[in-house]
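See structure below.
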Amino acid sequence: MKKCSGRIQTAILSAAMCMALAGSMTAGAAESSVKDEDSVKTQASGTEAAAPSEEVTLNFWHHYSAQSPENETLMNDLIPKFEKEHPGITVNAVSHEWADLHDKILISAQSDTLPDVARLDSAWVPEFQKMGILVPLNQEMSDFGDVSGGLLESAMTTAQIGGDSYALALNTNTKILYYNVQGLKDAGVDVPKTMDEFAEACRKLSGTNKNGQQVWGYDEPGLSGWNLCPFIWSMGGAITNEDQTKATGYLNGEKTVAAIQMFADLAKEGAITGWNSGDIPMTDGFGTGRYMMLLEGPWKVSELAGAYPDLEYAVAPVPAGDGGSVSVLGGEDIGMFKSAHKDAAWKFMKFMTSEYAQEAMAKCGQIPCNKEALESDTVKKADFAPYIEQLKTAKSRPTVASWSEIDSKLSEAVTGVVNGDTTAQDAMDQLAAEVDELLAEE
Amino acid sequence: MMKLKGWNKVRVLALLLPGLLIFGIFTFYPIVRLFWMSFFKWDFGSFFDQKFIGFDNYRTVLGDENFRVAFANTIVYTLVTVPAQMMLGLFVAMLINSITHAKIFFRVAYYLPVITSWVIASLVFKYVFNTEGMLNYFLTNVVHVTSQNVHWLDSRWGGMTVAMLLGIWKGIGWNMVVFLAALQQVPQSLYESASMDGAGAWQRFVHVTLPGIRGTILFALVMLTIGGFNVYTSTKLITDGKPGHATEVVLTWMYYKAFSSGKFGYSAALSFIIALVLAVLAVVQFGLMQRKEDD
């Protein structure tokens with residue numbers, strides 16, 4: 001009996017193995033057949049490219065996520081339309097993760113395998129410009145002036161370095177004030193229009209709620225430039241001078257220091273929070289009424305609708321100070337690399353920033369940079385309509401290659417001030433001196 | 001050993017080649033390349049045109065206040081977590097070794113944290129120690145020790161302590177398994193004769209158990225020290241270096257400098273400094289153990 005059950009076990013085991021093997025083999029076969037098709041395709045396009053006619057394959061790298069409506073619009077609407085309008089040009093679009101794309105470009109730059117065109121986070125442009133891989137469009141493209149004239153000036157500054165333009169603004173965004181409608185009503189606070197009113201509102205809105213939980217007037221999830229610039233600029237301060245060559249006198253100027261001091265004071269009083277490791281995440285805190293106000297971008301709308309559909313909130317412009325109501329620009333640019341098929345690449349870039357393409361992308365929630373698209377009904381009806389006004393005054397963070405380092409030092413310095421280790425003036429004096437050194441190396 | 005004849009040599013080489021090739025391409029070459037990078041000014045601004053700057057990167061690293069903080073944090077992390085893991089692991093191993101029932105249950109139970117993903121464990125720890133987390137809820141609403149939420153994660157040593165707790169909790173299981181195997185190698189007869197000579201439990205532990213598992217202790221010590229210096233996932237996820245850069249460890253700092261600030265030369269130099277420290281530590285640890293064995 002024992003022997004017999006042993007045999008049965010062996011039989012079962014070997015049967016299972018056969019099945020597993022067969023399974024993996026069919027999977028493998030399926031995979032390889034897919035691959036074959038792919039290679040046939042690439043071969044086909046390869047021979048076309050080699051043909052004497054002007055057949056060009058453009059490689060376009062982007063970070064629209066693979067499953068997003070943006071990617072669908074790109075693949076099923078925009079690229080087919082572009083290819084039809086420009087016979088002979090084939091666009092091979094590749095989707096990457098946001099962070100991967102940055103590193104991938106760094107690596108490809110070294111191995112000389114860069115794509116022709118890429119959608120770039122505007123914060124990367126200075127880095128890549130310094131590496132010397134981006135084409136200065138205003139110098140090489142004769143109709144650059146016409147094209148850039150049709151795009152939002154503020155967004156175009158994200159790609160402007162030392163008088164040259166290294167990319168076209170593709171889509172833009174900025175932050176505006178979100179507030180909890182019921183929370184403000186209960187506290188008898190009006191929507192803050194000035195920075196003084198904002199500070200006062202933070203104080204009044206903070207405290208404890210019915211359940212005895214602490215409530216903060218305002219949440220800021222970090223202390224870097226993205227977080228602080230709206231306050232610094234709106235209060236009349238600055239990070240550097242106009243030419244982005246000097247920080248002393250600006251970063252440690254009276255008004256910048258006042259903005260940092262306001263942050264530190266409010267933090268000390270428990271009126272604002274968010275940058276500590278242990279704090280409630282932004283969406284949850286706002287959604288559950290623990291944070292009464294935020295500065296956030298258009299993406300928050302769908303996040304809140306998904307997670308906290310019952311939350312009653314509204315939006316308003318960034319509170320104004322001596323500098324006006326100035327928010328910080330985010331968004332993406334589209335640029336070409338020096339190894340590109342330049343004519344075809346330029347045609348594609350012009351297409352992607354055209355009214356048609358921009359309006360199509362606006363339907364997926366991307367704020368256009370094309371001025372005509374901005375006037376369209378699609379935009380006027382979109383969730384992001386309140387942002388359009390704020391965008392007119394929004395500014396880009398310094399377009400210098402050492403920005404990420406400056407940004408990190410800024411966040412360190414302000415952390416020290418907020419924690420009470422140093423005074424705002426001392427921290428900013430020291431920071432400005434360090435940033436001067438970094439800017440001198442540019 | 002048989003001497004290799006011509007044909008045999010070729011066959012041996014052919015068999016070794018794939019392994020050597022992979023080792024060469026993915027381990028040896030990157031190390032050499034990294035060493036090379038550490039002597040150049042290698043950042044975004046000089047991506048294609050690197051300047052040889054000798055030991056400047058090494059000087060910058062050693063003079064960097066943030067590096068010193070990260071290094072001190074790493075040392076403290078290692079000094080705390082390594083002995084704690086080993087002692088608790090050995091303790092649990094001895095308990096399991098001496099019970100007769102439910103051995104497997106306890107072995108599995110203590111080993112579970114080891115096979116839990118670092119990412120998941122870190123996120124759970126973060127959730128527990130958040131200012132609005134489980135622990136504070138327990139302290140304020142259940143046992144009423146305090147009415148104010150404690151900011152566990154928002155200071156340098158607070159954040160580091162949580163990371164260290166996680167490291168210890170996750171490491172006990174591995175130590176238990178290693179020590180359990182070692183304990184079973186110690187001959188039972190030694191314990192019996194020690195008992196006959198009138199040795200108590202503590203004396204048996206010091207004079208029989210410890211010498212019997214000395215090799216394993218050394219092995220665990222070296223492995224865990226290297227592991228302590230390699231701590232990354234937990235601190236990255238729990239505090240991400242905040243506040244400021246007060247809770248960075250050497251690896252998070254290295255990653256930060258390379259991939260967020262683009263200072264590849266700096267990070268290359270930093271990694272060689274750490275490698276050197278680890279090599280010296282390993283030599284010292286082996287030396288100490290050797291000397292004890294010679295006594």
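Each residue, glycine too, has its Cβ placed from N, Cα and C.
As annotated by TrEMBL, transmembrane segment applies to B:12-32, B:75-96, B:108-129, B:162-183, B:212-232, B:264-288. Annotated domain 'ABC transmembrane type-1' per TrEMBL: B:71-285, in sequence order.
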Under 8 angstroms, Cβ to Cβ: which one of B:12-32, B:108-129, B:162-183, B:212-232, B:264-288 has the largest number of such pairs with the transmembrane segment (B:75-96)?
B:162-183
Please work out which recorded stretch in B:12-32, B:162-183, B:212-232, B:264-288 has the most C-beta pairs separated by under 8 angstroms from the transmembrane segment (B:108-129)?
B:162-183
With a Cβ cut-off under 8 Å, give me the same-chain residues at least six positions beyond the ends of the transmembrane segment (B:162-183) that come close to it.
76-77, 80-81, 84-86, 88-90, 92-94, 96-97, 107, 110-114, 116, 118, 121-122, 125-126, 129, 152-153, 209, 212-213, 215-216, 219-220, 224, 227-228, 231, 234-235, 238-239, 247
Sort out the residues at least 6 away from either end of the transmembrane segment (B:264-288), same chain, that have Cβ-Cβ distances under 8 Å to it, and list them.
34-35, 37-43, 50, 53, 57-58, 60-62, 67, 218, 221-222, 225-226, 229, 250, 253-255, 257-258
